[in-house]
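Student: Please read through the structure below; I'll follow up with questions.
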Amino acid sequence: MSVQNKHFLNTPASLVLDSLRGLCAVNPKLVLDEQNKTVYLGSHDKSKVALLCGGGSGHEPAHAGFVGEGILTGAVCGNVFASPNASQVLRGIELVDNDKGTVIIVKNYTGDVLNFGLAKEQYAALHPEKTEQVKFVIVGDDVAVGKTQGSIVGRRGLAGTVLVYKIAGALADRGGSLDDVFNMAQWVASNVVTIGVGLEHCHVPGTAPAVSHLQESEIEIGMGIHNEAGNRRLAPCPPLNELIPQLLDMLTSTSDPERSFLPFQGEKGKDEVVLLVNNLGGISELELGAIVGEARRALHSRGVVVHRVLSGSFMTSLNMPGFSITLLLLPSEGNGSSPSTSLLLSLLDEPADAPGWKWSSRTAPPPQPQLAPAVSEVAKEASGSPLKAAEPASCKASVERACRAVIAAEPEITRMDTIAGDGDCGLTLKAGAEAVLKKLSDGRIDGNDLVGSIITVAQVAEEAMGGTSGALYSIFFSALAQGLRSQSAAGETVTPEEWSNALTYALNKLYTYTRARPPSRTLVDPLSAFVETLAQSAGRDSAAAVQAAASAAERTKDIEAKAGRSAYVEGDRLKQERVADPGAWGVKTILESLLG
């Protein structure tokens, strides 16, 4: 997988400040110190403990996106993947100065720990009366770094840091004392674990274009948020139902001597957690939803009780295509030295007025999604006596032949649609063809009941194909069934002329729902050519009609798109490539194999 090297920016040097200015536009309650790349809550209640965080930029919304009432008071930002210097941090401490004290929370990276720690000591030297009013919390939640490897540097700070922000910030907002807020932050930091996985590295704006770090089929478990290498690679990329259990093993293991960071009990109902699934920057929401669902399912199958599920971009790594899973292990019963589960959850559920904090249901997820009652599969059969094909067996064979031709043509149609559209046309038609073949096998489609069979095809187009093409096919076949029923008497064999009249009726019905008219570089081009040519011979010359459809499909190579997805593609490129419209090619394929 190649690294995405392009970015939207003014200049790499101005990117961090430009982004902070944008954040302040989103949240007008923020104040920006441009010189020190620091944002803070201008209206902070000085009778409450302040929370200050920060680190290198490139992890947005962390850290500045979490500045707001109920969470962080201020954030000090370095350049991309670079810690802010001690002078910046010292200014940040001064900007959030208050009567009750400040808790500094940093991820466990050498630059962050040293620069924030130095600033803390400088502040104490300048304000000896406030030496005890600034506390320091280091978060290292990564389980990819084993105990031996991390014996000196410790574990890296990842998305679990955000849970420390949120829970400690809510307690501070309630008026908690400095020691209470500090101890809460320390407790959360000590009971959270995270593991990340990536498809590829991210690219840092302003650096040379990066080459692929991983092979096309590889993924890397344990990849850090600054492009640090993980602890192992897998190839090929496993499905989620195999990958997620491996990640959970690393998070919850009590037998791995290099991990076992938290006292998971491994017994059904004994372990209670908060689940946070974090987008590292380049994963689609579609994929992230599947990851969340699989993580919840896998935890439930292990007997782990999930009290809350959080999902979204919390701690990113620029445009890294990857995700991380974080578990906060809630205290077991009888552990008097820990905060109660109810307190932790109530703090997590408290509203936070910061754009980086994501929506939460504030309730535990059910073991399984709530599902609508299943609809009994009752065939939507046409009323009246069935109409027959002239040769029922031949009709059934023709339909099967057309389906297999569409399936065989899928790669070529997909290639066309990759250039001319969104790349899904071939697979959509293939899905419809495979579903029709199943109905043929089940006896739902045959030549002894044409109207019922065509209605079944219309249902298949709607359900198996979906999207625009599925709707167009379904409308056409539904109207074709109407046209046949109105043209023929019950129990009769349908004549060629009745077929032609029904097809004309169906085409006109289709025109009610689409503006596409030939020549439009859509499936309407070959379909209308077929129907109109067939009508000229009263349905007797199907060969000429098929040839007209094929010619119309070929001509779409030189037509400017006026409808469909192709209408949004650069016209000159389509003409240069001389790619036929994939939808039109699908109709051509069906007609040639059905009647050829």
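In case you wondered, yes, glycine gets a Cβ from its N, Cα and C as well.
Just so it is clear, the model here is predicted, and its values are computed rather than measured.
Annotation comment: TrEMBL describes 11-357 as domain 'DhaK'. According to TrEMBL, the feature substrate binding site maps to Gly56, Ser57, Gly58, His59, Lys107, Asp112. According to TrEMBL, the feature active site, tele-hemiaminal-histidine intermediate maps to His226. Here TrEMBL flags 393-596 as domain 'DhaL'.
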Student: Could you state the CA-to-CA distance between Gly58 (substrate binding site) and the residue listed as 'active site, tele-hemiaminal-histidine intermediate' to the nearest Å?
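Tutor: The residue listed as 'active site, tele-hemiaminal-histidine intermediate' has its Cα 9 Å from the Cα of Gly58 (substrate binding site).
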Student: Residues near the substrate site, Gly56, Ser57, Gly58, His59, Lys107, Asp112 excluded, by Cβ within 8 Å of the Cβ center?
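Tutor: Everything else in range on the chain: Gly54, Gly55, Ala62, His63, Cys77, Gly78, Phe81, Ala82, Ser83, Tyr109, Ile225, His226.
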Student: Are there residues of the same chain, six or more positions away from the residue listed as 'active site, tele-hemiaminal-histidine intermediate', whose CB falls under 8 angstroms from its CB, and which are they?
Tutor: Gly56, Phe81, Tyr109, Ser317
Student: Least buried of the binding-site residues Gly56, Gly58, going by other Cβ atoms within 10 Å?
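Tutor: If we count Cβ atoms within 10 Å for the binding-site residues Gly56, Gly58, the smallest count is at Gly56.
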Student: Check Gly58 (substrate binding site) against DSSP and tell me helix, strand or coil, would you?
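Tutor: It is coil.
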Student: Residues with Cβ closer than 8 Å to the Cβ of His59 (substrate binding site), same chain and 6+ apart in sequence?
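Tutor: Those within reach of His59 (substrate binding site), by Cβ under 8 Å and sequence separation of 6 or more, are Ile225, Met315, Thr316, Ser317.
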Student: Report, as a single number, how many Cβ atoms besides its own are within 10 Å of the Cβ of Ser57 (substrate binding site).
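Tutor: The answer is 23.
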